[in-house]
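Below: the structure, in structure tokens.
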């Protein structure tokens, strides 16, 4: 009995020591995690400071008596509005701010109107009418939230509309100063919203449009990097140098980019004209490019599976399609890299991409190989593996062509600058520089004329 109790005590002490060790490890790792989070995106630190500044500004309504007397306890709605509305990007903050401001104003007006109508028949029917108005409006607005377009852009505003209407109409039944109550709440919410928008837009703004634009270019570039490395990795023989593993795994983030992309599209549509992006920039086109990029990434994922597969065709079998596959893969990657650069720099891609033309030639060679003597004296399992890789590469070429068409459409809609424009601009710049040099030489000749000496005997 004593031995059993000693064993239990020892086990309990060991578990406590293990728990303390885990806690100590987590505490020591926490500063490193904070540092890494800030280094990954320094804008997060700036955003945190901006939120603190905005909340401090609206808190002045509580700290200074002249401001507090004007709004009373309703001043807290300004603080709550900043906390709820302030988001990381300008588009997200604008969307939430405008939704909240407009919904609060409309709901406040309707709440006051509903209270006025409910008082007309007398106090006996007032609670019945108020309850009917609340039921009717809450039911209607809740049903409207199910419409996909309303859900995507105005869901937050519809929720605030229901909340504000119910608060004003219901609380107005016990409070006689309904108009004053509605005025204070609407005013403080608008003040909080404007404060959040001012700080977000004018102090180190983060534009969702920029993030969406860079995301589209980066995703295309990650697929290009994989395709350029795939041929060397798949057809390498023992003793060949190792490929860059990081570039072969970068495409994985493209597979899970849909939700982030949709959010950025929604936020970017709220943003005003800024930087390189005009008013009514075709943000929806980025969604189309993203969808095509993910479809290509699914094929790339399947190709990556064959790099690490236990069942591989022999070197001799792979050698029969090596040249065509490597050409098709590398040229498709170069074409995608060219498209990524065009999107990133907002320049018109060439109408006839030479890399896609070379990829098509390689694809025709590969198809003829598959139709002719590839299957002679080769194991069926090897034939399936080789044919699947070839088929996936042909699918990748088809996806590349669709991405190219979509990027050309974006360039047309967004009015990307053409190569000719750059050449004309460079030519004008050179002419201006040459003209300045000529002017300087002329001015020097005028300022320092040649002197001739004539001697008369």
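Using the three backbone atoms N, Cα and C, a Cβ is placed for every residue, glycine included.
What TrEMBL says about a protein is an automatic prediction, not a curated fact.
Checking the ranges 156-174, 213-231, 232-250 against TrEMBL, the transmembrane segment annotation falls on 156-174. Of the given residue ranges 186-208, 255-277, TrEMBL assigns the label transmembrane segment to 186-208. Per TrEMBL, the stretch carrying the note transmembrane segment among 5-24, 25-44, 45-64 is 45-64. Against the transmembrane segment (102-119), stretch 156-174 shows more Cβ pairs under 8 Å than any other of 45-64, 76-95, 125-144, 156-174, 186-208. Within the chain carrying the transmembrane segment (45-64), a Cβ under 8 angstroms from the stretch's Cβ atoms is held by residues 38, 71, 75-76, 78-79, 81-83, 86, 88, 188, 191-192, 195-196, 199-200, 203-204, 206, all 6 or more beyond its ends.
Within the chain, the transmembrane segment (76-95) has long-range Cβ neighbours (under 8 A, six or more residues past its boundaries) at 43-44, 47, 50-51, 54-55, 58-59, 61-62, 153, 156, 185, 188-189, 191-193, 195-197, 199-201, 205-209, 211, 263-264, 266-271, 274.
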